[in-house]
Each structure stands twice: as structure tokens, then as C-alpha cells.
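See structure below.
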């Protein structure tokens, strides 16, 4: 519930640009954020395994 409140609060125009914090577009998680994808590490892994992110493959060496 706190995540939804935070997302709603951030939707309003902010007085200062410094207050903006990157959050996952799917679940709203603030930590483990990948800027290239706009997702947190958990959602990125889940979506990559499902094949929803083009060009991302599981590495093996």
C-alpha cells in the first residue's frame, strides 16, 4: 500500500528535481533498479525467463 501511495505522490509535479527516485515500472520497487530496462532485478529476471524482453538471453560459459 505504501508503494501505491508513493507512486501517486510522485505523479504530481515536484518542486525540486532531486526528489525523483527511480522505481520499477511493474511493481514499484525502489531498489535493484536497472535504468536500461526501467525494471527492478526481480521483474527483469522474471520477464527475461518468460522471453518478454527482446535481446536478453540467459548467459552460459
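From the backbone N, Cα and C atoms, a Cβ is placed for every residue, glycine too.
These numbers come from a predicted model, not from an experiment.
Look at Swiss-Prot and you will find 24, 27, 40, 43 tagged as Zn(2+) binding site.
The structure, with features from Swiss-Prot marked on it.
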| residue | record | Cβ within 10 Å |
| --- | --- | --- |
| 24 | Zn(2+) binding site | 21 |
| 27 | Zn(2+) binding site | 12 |
| 40 | Zn(2+) binding site | 22 |
| 43 | Zn(2+) binding site | 22 |
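The secondary structure of residue 24 (Zn(2+) binding site), as reduced to three states from DSSP, is coil rather than helix or strand.
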